[in-house]
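Visitor: First, the structure itself, so that you have it in front of you.
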Amino acid sequence: MDLQSPVIVEVLLDLPLPRGFDYHAALATEEDVGRRVKVPWGTGQKVGVIRALKHTSTYPADKIKEVLEIWRDVPPLNARDWQLLEFCSSYYHYPLGQTVLAMLPPALRRVGGWQPPRRVRQPRKYPSQSSAPPLNEAQRSVVQAILQQPNFAVHLIHGVTGSGKTEVYFSLIEKVLERGRQVLLLVPEINLTPQLEQRLARRWPNLNWISLHSGVSEKERARRWLTAQTGAARLVLGTRLAVFTPLPELGLIVVDEEHEASFKQQDGLRYSARDLAIVRARQGEFPIILGSATPTLESWHNARTGRYQLHHLRERAVPGACLPQLTLAPTMQEGLPHWATVLHETLSRGEQVLVFINRRGYAPVLYCPNCGWQAACPRCSVRLVVHRRTRQLRCHHCGLEQVLHESCPSCGNVHMETRGEGTQQVEERLRNYCPSARLLRLDSDSLALKGSWERAREQILDHQVDILVGTQLLVKGHDFPDLSLVVVLNADQSLFSSDFRASERLYAQLLQVAGRAGRAEKAGQVWIETDYPGHPVLLALMQHETENFLDQELALRRQMGWPPFNYLAILRAEARDVGKVTVFLEEARQKALTRGGEGICIFDPVPSTLARKAGFHRWQLLVQGAHRASLQVFLASWVDELRALRSGRSIHWVLEVDPWDC
DNA sequence: AGCACGCCGACT
DNA sequence: GTCGGCGTGCTC
Ligand SMILES: [Zn+2]
Ligand SMILES: [Zn+2]
């Protein structure tokens, strides 16, 4: 090596450019690759990561600036970390610099965002009461089967609600920890609760484990992340963002509720934490476990074709627990609903009731019966939602708030009416049916205050509440043992959605809601209000035959050429000016058609589901590929052309690979 | 992405 | 006459 030539480092920065920037760094060595640096940038400074050392640069020598600081107090990213980042950057067609910076905890991305702590904190210690409950036969055989393969393998555990999946995870985690390897446990955002953390703490009182999610303060998140990187933390419990945590001795990843949409990042680097976790396991040559009561069709297909190993947990682990009894009932236009009797019976037994309606507010429509006028958001292509308590009209997409109209702005009629029901109106209706029952409404409006979830949970567990009215928020990740009746309202709305994933999602949601009824020893009841009792999703649900449903749905996907039998990418574009959006997408389409590719199908640009949001017109262009590899080849050259399009400069656009909604 | 520079429309 | 719109180019 030429000792005379000055050392140059290539630094990756958080910029939408597919290249690094060269700086002088006289004292840099190969050990510094993967370290964070402070560099001058224009008039200011930025944090970057050293990608490589070199001795020459194509950039004019007199313009190359000096690195201001190399932070050597923490370990550099290692070869495995780079392997994942490079895969991620190329697969999602996202600049490497932005990918690297996105994986760092926020405090480590900014100049002055991180000071090493004065004193090394002692890992938290909990009272020692480590207890591993005995596994049943089914659980034991799954654990045995998975332990037999220490190398890369994807295991899909299909476990019905209450089948004791978590104990299987814990048992496997324990074995891997004993072998001296680190473990990553990924759970949906909504499931990462203090209760889950306590459960881990009780199970491993003396283990150094950390929990990583967006609720942790920036400083603390960086501190915990670094303990994982140094190998001090042995177990990481985290949401999707934790999939990037550097873990030098990683030996197992568990993705619980693998079907959950929160594993998909919906802005910036639009990755699937589940898919990246699988890639990470393959790169690191260790097993990964996906678990769900309602696996995604992608995973199910891989299991059916033998690429994943399928394991079943068919029995409920809790002794005596049985499946809830399911009833479909037509909606009632007037008078008492069909479920009114069972509601009263349940309450009179002193048991709790959950009424599920996936729509907050009082009513989704305010209209004038005289002229037909409807309250719409001026900035979005949606109707405004009536919030009666605050006497407001609100847009749930852009946050716009208006005072509720007293009269029709179009014809002056003073008798305005609402249509449809939200949580607030259901709450009101239930107060009329059961005036003496104690009601609690749980949606993002009533839970806006910090700590209100915790308070509500205690009230419910303490049986200070008889009827719960709520949205999605209420259903996921929480068990309420006294709950024995679940009523699902307005399920029909999602029955005829145009999204090809609608059935899969509805099935998962309904099964999860149903699972809330009658845990423990009590048999529960579930009533679903529907006018389409013959719908395949409802039929499958009635039969409790998830695997048949998945097979049927898979056959339909194959027939229609939808994923997992084809691969998708979406080019999304938005701007205040519709013309600019459509011109860009049309040019993009022409480029795509000219380029073409094996098995590549280019669709026409169409408005997005939410065609206008906060004043921005949103359109999209779907690309379908028969094979993952050929789609990747096509996308790689297509994005280069897109970046060169002048019409793309005055709009926002993103390319999304494997979109979860289209 | 930011941030500067630069050139045309409607304002004190 | 200037304030400000956003189109264009640059950042090692
Ligand atoms: Zn009117
Ligand atoms: Zn709006």
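The backbone N, Cα and C atoms fix where each Cβ goes, glycine too.
What TrEMBL records for this protein is below:
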BINDING   A:C368, A:C371, A:C408, A:C411  Zn(2+) 1 binding site
BINDING   A:C377, A:C380, A:C395, A:C398  Zn(2+) 2 binding site
DOMAIN    A:146-313  domain 'Helicase ATP-binding'
DOMAIN    A:399-557  domain 'Helicase C-terminal'
REGION    A:115-135  region 'Disordered'
Visitor: Please report the Cα separation of A:C411 (Zn(2+) 1 binding site) and A:C377 (Zn(2+) 2 binding site) in Å, rounded to an integer.
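Guide: Answer for this pair: 19 Å between alpha carbons.
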Visitor: Could you check which of the binding-site residues A:C377, A:C380, A:C398 is the closest Cα neighbour of A:C408 (Zn(2+) 1 binding site)?
Guide: A:C377
Visitor: With a 10 Å radius around each C-beta, find which of these binding-site residues (A:C395, A:C408, A:C411) has the fewest other C-beta atoms nearby.
Guide: A:C411
Visitor: Do any of the binding-site residues A:C371, A:C377, A:C380, A:C398, A:C408, A:C411 touch ligand 2, in the sense that the CB is under 6 Å from one of its atoms?
Guide: A:C377, A:C380, A:C398
Visitor: The domain 'Helicase ATP-binding' (A:146-313): mean pLDDT?
Guide: 97
Visitor: Just the binding-site residues from A:C371, A:C377, A:C380, A:C395, A:C398 whose C-beta lies under 6 Å from any atom of ligand 1, please, or none if there are none.
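Guide: Within range of ligand 1: A:C371.
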Visitor: For the Zn(2+) 2 site (A:C377, A:C380, A:C395, A:C398), what does the 8 A shell look like? I mean other same-chain residues with CB within 8 A of the CB centroid.
Guide: A:P378, A:R379, A:V382, A:L384, A:H396, A:H397, A:G399, A:L400, A:K613, A:A614
Visitor: Give the residue from the binding-site residues A:C371, A:C398 that has the most other Cβ atoms within 10 Å of its Cβ, counting over every protein chain displayed.
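Guide: The residue with the most neighbouring Cβ atoms within 10 Å is A:C398.
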Visitor: Write down the Cα-Cα distance for A:C368 (Zn(2+) 1 binding site) and A:C380 (Zn(2+) 2 binding site), rounded and given in Å.
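Guide: For A:C380 (Zn(2+) 2 binding site) versus A:C368 (Zn(2+) 1 binding site), the Cα atoms are 20 Å apart.
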Visitor: Through the lens of DSSP with three states only, how would you label A:C368 (Zn(2+) 1 binding site)?
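Guide: Coil, per DSSP.
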Visitor: Compile a sequence-ordered list of residues in the same chain as A:C368 (Zn(2+) 1 binding site), six or more apart from it, whose Cβ lies below 8 A from its Cβ; state 'none' when nothing qualifies.
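Guide: Sequence-distant Cβ neighbours: A:Q374, A:C408, A:S410, A:C411, A:N413, A:M416, A:E417.
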Visitor: So if I draw a 10 Å sphere around the Cβ of A:C377 (Zn(2+) 2 binding site), how many other Cβ atoms end up inside it?
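Guide: The answer is 23 other Cβ atoms.
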Visitor: C-alpha of A:C371 (Zn(2+) 1 binding site) to C-alpha of A:C377 (Zn(2+) 2 binding site): distance in Å?
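Guide: A:C377 (Zn(2+) 2 binding site) has its Cα 18 Å from the Cα of A:C371 (Zn(2+) 1 binding site).
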Visitor: According to DSSP, folded down to helix, strand and coil, what is A:C398 (Zn(2+) 2 binding site)?
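Guide: The residue in question, A:C398 (Zn(2+) 2 binding site), is coil (DSSP, three-state).
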